[in-house]
Amino acid sequence: MAEIMTALIICEKPSVAKKIANALGKAKKKSIDGVPYYELERDGKKIIVASAVGHLFTLVEKENKEFGFYPVFDIKWVPASVDKGKEYVNKYIKALKKLSKDADEFYIATDWDIEGELIGYHALKYCCGREKAKRMRFSSLTKKEIVRAFENPDEIDYGLVDAGESRHILDWYFGINLSRALMNAIRAVNRWKTMSVGRVQGPALAFLTERELEIKKFIPKPYWVIEALLKDNLKAIHEKEKFWNEKEAKNVYEKIKDEKSAKVVEIKKTKRKLKPLPPFDLGTLQREAYSYFKISPKETQEIAQKLYENALISYPRTSSQKLPKDRKYLEDILNIIKNHPVYGKWAERILKENLKPVEGKKEDPAHPAIHIVDIPKEELSEKEKEIYDLIARRTLAAFWDNAEREYLNVKIDIKGEKFKLSGSRTVKEGWHEIYYFPKFDEIELPPLKKNDIIKVEKITITRKETQPPKRYTVASIIKELEKRGLGTKATRAEIIDKLIKRGYVIDDGSLKVTDLGISVIETLKRFCPEIIDEKMTRDLEEKLEKIQFRKIKKDDVLDEAEKRLRKILEEFKKKEEDIGIYLIKNLDATNKKAKIVGKCPKCGGDLILIRHKKGRFVGCSNYPECDVKYSLPDKGRIKIPNKVCDACKSPILKIGDREICINPECPLKQVEVKEEDRICPKCGAKLILKKGVYGAFYGCSNYPKCKYTEPINKKEVVGKCPKCGGDLVVREGKFGKFVGCSNYPKCRYTEKLKLNEKEEK
């Protein structure tokens with residue numbers, strides 16, 4: 001009897017391996033050292049479905065040279081377990097090696113993109129000792145797609161593999177060498193600070209800094225606006241909109257301020273048809289998710305990937321705005337969606353009337369636009385529901401009718417001065433019925449005709465100022481990076497995330513470049529502008545694309561990049577000490593500024609946040625001449641919100657989640673306390689009244705030997721904590737009173753307040 005052939009399918013993640021195994025047959029789950037894999041039989045063939053866990057291999061130096069040595073270009077691929085926190089990768093490598101020994105043929109079933117091709121190829125090459133395999137390509141994890149991909153396999157795309165390897169190598173070349181160069185510049189002046197800059201992060205931070213400096217240097221320019229408040233709460237604005245000359249504005253105002261009527265001199269009515277919005281590419285999905293739900297681009301990408309792995313949507317990392325051309329494929333999906341309680345009626349009409357979807361301009365050689373493929377069978381999290389709903393509605397709306405809007409522009413005359421008012425309304429909802437997220441202004445004007453007289457209630461003149469350019473948001477920056485050709489659809493969200501993590505940028509609703517970020521860019525711009533030149537980065541991105549399509553060779557691009565970088569680093573080394581001095585000067589100024597809390601009430605000096613081995617406090621910069629000092633708690637992360645207390649005008653600090661006034665004598669902290677002898681229950685010494693940033697409290701007179709404290713209004717004990725034996729006391733939270741352990745935060749036991757306890761309180 002002939003031996004049964006064994007096929008090994010390598011997936012990107014364990015969850016995808018399970019999906020693929022169950023789609024191909026009745027799979028049996030097994031494991032090697034805790035690593036799951038699946039076995040099944042299909043068409044007389046034994047199939048093993050196993051997985052990687054993302055990238056199993058990473059780049060390191062071939063030889064460990066002295067600490068901080070650069071430039072380094074001699075690198076190799078090794079198991080990713082060398083990275084901290086990635087030790088678990090070894091188990092997956094060993095499992096694939098073991099499973100590959102009995103395999104006769106191999107399939108790669110990782111994500112169909114550059115990273116997926118590289119993950120699969122590396123697993124095949126370094127774990128299985130093979131260079132060739134069949135390639136399963138799919139854009140969704142539905143059973144039908146998986147079976148089709150298995151029965152009609154492709155070959156490995158070595159252009160994608162080369163492009164993937166080249167991207168990782170270039171990122172290593174630039175990231176490691178430039179970061180070491182910066183740190184060595186600081187070491188050259190006998191200082192130390194961890195610094196980093198990357199191939200794409202540098203140019204991205206550079207144009208963010210450019211915008212930040214525009215905002216800092218912006219000088220507001222005054223202008224005047226004249227408006228007429230009309231009957232029925234209508235508001236008309238002078239046709240000039242902005243008066244840049246105050247005298248001219250006031251002359252117009254004086255001329256018409258007492259007028260009580262306006263004459264309609266012109267009416268223009270226009271209708272516009274608004275086509276449905278095209279289906280989502282990743283960048284547009286990220287922007288819309290942030291705009292409507294404030295979900296960050298990085299989180300949107302992660303949620304979309306999870307929805308894809310659960311076979312609810314198609315592959316999310318796509319540039320396409322076009323749905324698949326295969327009508328049968330779309331009809332199969334619509335036949336599933338028509339059973340949905342909300343989307344069903346729309347899917348039914350699309351099927352019944354054979355409606356065709358609109359397309360956007362963007363294309364992707366591998367994947368169609370993001371679209372739904374199934375209905376959730378399990379409960380989704382709130383954010384998953386929002387992203388799924390956004391994609392579902394956008395998919396269905398692409399098939400729908402145009403929306404129709406009517407716009408009314410009216411010109412009125414007030415004593416020879418022309419004013420304008422406008423209205424708009426929706427005539428036909430069309431696709432907006434389904435994808436209702438974009439806001440349509442509905443401004444109804446009363447029926448008006450030429451020569452009508454309208455009552456004027458009031459004329460106003462308002463001085464305004466021009467506003468600085470807006471900062472980018474985490475969503476708008478994705479569009480800007482795409483426009484400038486920096487990064488890829490899969491990496492742009494991560495680029496911004498790294499800039500935030502490194503302290504170069506903060507996200508408080510918009511992206512603000514920190515003083516640290518500005519000082520790094522100013523240093524590089526002055527001494528080594530090539531590092532932050534986006535033309536060089538864009539050129540490399542274009543070459544990576546050419547590698548992908550086999551138009552140029554990988555080695556040629558890497559050799560050219562190495563020569564280019566060596567030249568940059570040679571110049572950098574010549575100026576190393578100057579760069580270090582300039583960078584430290586900027587960093588010291590930044591650090592000093594970051595520690596300033598406010599002004600000293602005694603001498604007018606700066607109040608500075610000081611961290612000392614004996615504790616934390618705020619002290620005057622003019623010490624020892626000025627001895628103003630405010631103690632701070634030992635625990636809790638401190639932030640400086642640049643606010644002052646309404647009651648005493650002292651600076652406010654945010655410690656943990658609480659904003660507090662640093663002044664212990666603040667009127668808001670004063671309490672009336674009866675004089676009474678109190679004894680410390682811990683050591684027997686006398687308890688004395690003390691004042692701190694949180695207000696007055698009792699503390700042991702034997703401090704610092706005894707650190708016992710208790711609040712002035714000590715909470716009444718209502719029982720013993722079943723978890724730690726501490727006292728249970730009545731506390732008050734944002735949802736009302738409850739019983740909690742007095743040993744919080746060490747013990748977080750809580751319970752509901754009983755009725756009799758409420759009555760006693």
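A Cβ is built for glycine as well, from the same backbone N, Cα and C atoms used for every other residue.
Residues or ranges marked as active site, O-(5'-phospho-DNA)-tyrosine intermediate by Swiss-Prot on the basis of sequence analysis: Y315. For E12, D111, the entry in Swiss-Prot reads Mg(2+) binding site, with the evidence type sequence analysis. Here Swiss-Prot flags 6-143 as domain 'Toprim'. Per Swiss-Prot, zinc finger is recorded for 600-626, 680-706, 721-747.
Feature map: annotations from Swiss-Prot on the structure.
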residue: E12; record: Mg(2+) binding site; DSSP class: coil
residue: D111; record: Mg(2+) binding site; DSSP class: coil
residue: Y315; record: active site, O-(5'-phospho-DNA)-tyrosine intermediate; DSSP class: coil
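Cβ neighbour count for D111 (Mg(2+) binding site) (all protein chains, 10 Å cutoff from its Cβ): 27. In the domain 'Toprim' (6-143), the DSSP tally of helix, strand and coil residues is 42 helix, 43 strand, 53 coil. Cα to Cα, E12 (Mg(2+) binding site) and Y315 (active site, O-(5'-phospho-DNA)-tyrosine intermediate) are separated by 13 Å. Residue counts for the zinc finger (600-626) under DSSP (helix as H, G, I; strand as E, B; rest coil) come to 0 helix, 13 strand, 14 coil.
Summed and averaged per residue, pLDDT over the zinc finger (680-706) gives 77. The Cβ neighbour count for Y315 (active site, O-(5'-phospho-DNA)-tyrosine intermediate), using a 10 Å radius and every protein chain shown, is 24. In this structure, the CA atom of Y315 (active site, O-(5'-phospho-DNA)-tyrosine intermediate) is 8 Å away from the CA atom of D111 (Mg(2+) binding site). Using a 10 Å radius centred on the Cβ of E12 (Mg(2+) binding site) and all shown protein chains, the other Cβ atoms total 22.
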